[in-house]
Amino acid sequence: MAGPRACAPLLLLLLLGELLAAAGAQRVGLPGPPGPPGPPGKPGQDGIDGEAGPPGLPGPPGPKGAPGKPGKPGEAGLPGLPGVDGLTGRDGPPGPKGAPGERGSLGPPGPPGLGGKGLPGPPGEAGVSGPPGGIGLRGPPGPSGLPGLPGPPGPPGPPGHPGVLPEGATDLQCPSICPPGPPGPPGMPGFKGPTGYKGEQGEVGKDGEKGDPGPPGPAGLPGSVGLQGPRGLRGLPGPLGPPGDRGPIGFRGPPGIPGAPGKAGDRGERGPEGFRGPKGDLGRPGPKGTPGVAGPSGEPGMPGKDGQNGVPGLDGQKGEAGRNGAPGEKGPNGLPGLPGRAGSKGEKGERGRAGELGEAGPSGEPGVPGDAGMPGERGEAGHRGSAGALGPQGPPGAPGVRGFQGQKGSMGDPGLPGPQGLRGDVGDRGPGGAAGPKGDQGIAGSDGLPGDKGELGPSGLVGPKGESGSRGELGPKGTQGPNGTSGVQGVPGPPGPLGLQGVPGVPGITGKPGVPGKEASEQRIRELCGGMISEQIAQLAAHLRKPLAPGSIGRPGPAGPPGPPGPPGSIGHPGARGPPGYRGPTGELGDPGPRGNQGDRGDKGAAGAGLDGPEGDQGPQGPQGVPGTSKDGQDGAPGEPGPPGDPGLPGAIGAQGTPGICDTSACQGAVLGGVGEKSGSRSS
């Protein structure tokens, strides 16, 4: 038992070795040829349109294009709508001191101010001292003054006379010259003396020296309006003052005249791609462009499925009936005629109406074929007849036998068109005949009715993207579209620097004090000051008509007491517009405005020339399709009669028939029937 168990692993190893050797000896063969294509499968149903994908990321900015040629100035556009007043910007830094401008002309007098005394003005310069005044009148005597203070001790008096001793004295007299004694103590103040008499008028004193200029007195009451003086000399420009506060926004002015269109500037760099706006309205179709140059013919695509037959068109209208031809008598069978000579080219005859069908005579013996005649000129195409009633469907015809290809004969004279026969059933399709030589190009038939939409063929391979065509010429300028709606107001840009300070104007005439109003509104000012302004203008006009004569300088009046401070004045009228400031830095990009209306469609550019791409790899073999079911298509619309075909080769001479019998009764009946129909047609 131990022997067989030990041999089992060895047998397994030998079997595995043989299997591995056999597997190594096998090699992979060459791939076989592709199998035949399977039948086409059923056309798939149209899939549901997918949802619109999210907008793609904005692409990188393209290179800056070459600057275009400046275009012709366009027509002046309609005046724009008045803009919206912008927000008040911040005051810019003061500008540099400009050169003094020319002095402006004297403006009209301003409106009088509101009631109330203004703030006192700055002290004026000291005036020139006037001439000395004359001798004034003697004033009245003044009141008695208070007792004065004791004066200082006076100088020692002169020596007194020698005194005399009184009687009984034994003393000697003092010498004549005695030394002065010491000064005595100050005496008591004396009593008020009696009032002295009024002294006489003294002499006129000399003019004193010019005193120092006194302090400026308070502003006096405003005087009446004086005459307008002559225009003074132009003063020196004052120093540049600090920038004033920004005044209130002025009233909106009338829209200005649109200026001439400027030259087209250089093309700027492409900005960031904006958000996709809503779909605009369909624009008006533009003018038809010039036909483009035909591109090279592309490679034939995959053949599509046969479309369904079109709806049968309406039958053409029945043509005018031809004039009745004289019915010929039925003759006996003629002998074979001699070959006739080639007839000369006949003139083009008028197209006659179709005659009535005569009774078919017995077949005569075929004549000897004559020489082929000269081909006649091609007749003009007749008018298309109106659509007639649809006839009943005839029985299906027997399948024809495939004929041999004949030689192309010369074109014969056009035959008279026969009457339109009844429409027969669609016959079975016979075997395809051999392709004949290409005939002469026939007259173009009228466009048939459009057929039903054929089944969708299999989608072809996607060709390579052709190169973009050259840019078309600039089309004519379209008519100006309606003005678009104004966009959203953008963020106000930073304020520009302050403009140069203008030359101070000539001070106007001081107006009369107005009546203090309750409200300093514009309407209130107009109501209060309308008449006063008219009166001031009338007075000014009257004074201007008079000759100007400088008046004498009046005496300065006494300085009045300072008046109480008046109420603050109302906001003045907006001043004249200053010069334009420097251009500020470019503002930030605003939000994209609403999408404008779609413009007119431009002219169609020239067709681009496509390039044939490289042939693609052969695709994998499709799955086996389901065999399709064939359906007979609908009959197509009958086309217009084509040009007469080439005459065929003369046929073989047939067997001679039996002699016929001439029966004139049928001919007479045909004649009578034709005359009756002719008269009936005329009467109708």
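Glycine residues also receive a Cβ, built from the backbone N, Cα and C atoms like all the rest.
Features of the protein shown, as given by Swiss-Prot:
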type     : residues : note
COMPBIAS : 55-64    : compositional bias 'Pro residues'
COMPBIAS : 66-82    : compositional bias 'Low complexity'
COMPBIAS : 130-139  : compositional bias 'Gly residues'
COMPBIAS : 140-161  : compositional bias 'Pro residues'
COMPBIAS : 177-188  : compositional bias 'Pro residues'
COMPBIAS : 200-212  : compositional bias 'Basic and acidic residues'
COMPBIAS : 221-237  : compositional bias 'Low complexity'
COMPBIAS : 264-282  : compositional bias 'Basic and acidic residues'
COMPBIAS : 344-356  : compositional bias 'Basic and acidic residues'
COMPBIAS : 498-507  : compositional bias 'Low complexity'
COMPBIAS : 570-586  : compositional bias 'Low complexity'
COMPBIAS : 617-628  : compositional bias 'Low complexity'
REGION   : 29-519   : region 'Triple-helical region 3 (COL3)'
REGION   : 633-661  : region 'Triple-helical region 1 (COL1)'
REGION   : 662-684  : region 'Nonhelical region 1 (NC1)'
SIGNAL   : 1-25     : signal peptide
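For the region 'Nonhelical region 1 (NC1)' (662-684), the model's average pLDDT works out to 43. The largest share of C-beta pairs under 8 angstroms with the compositional bias 'Pro residues' (55-64) comes from 264-282, of the ranges 264-282, 570-586, 617-628. DSSP assignment over the compositional bias 'Pro residues' (55-64) gives 0 helix, 0 strand, 10 coil.
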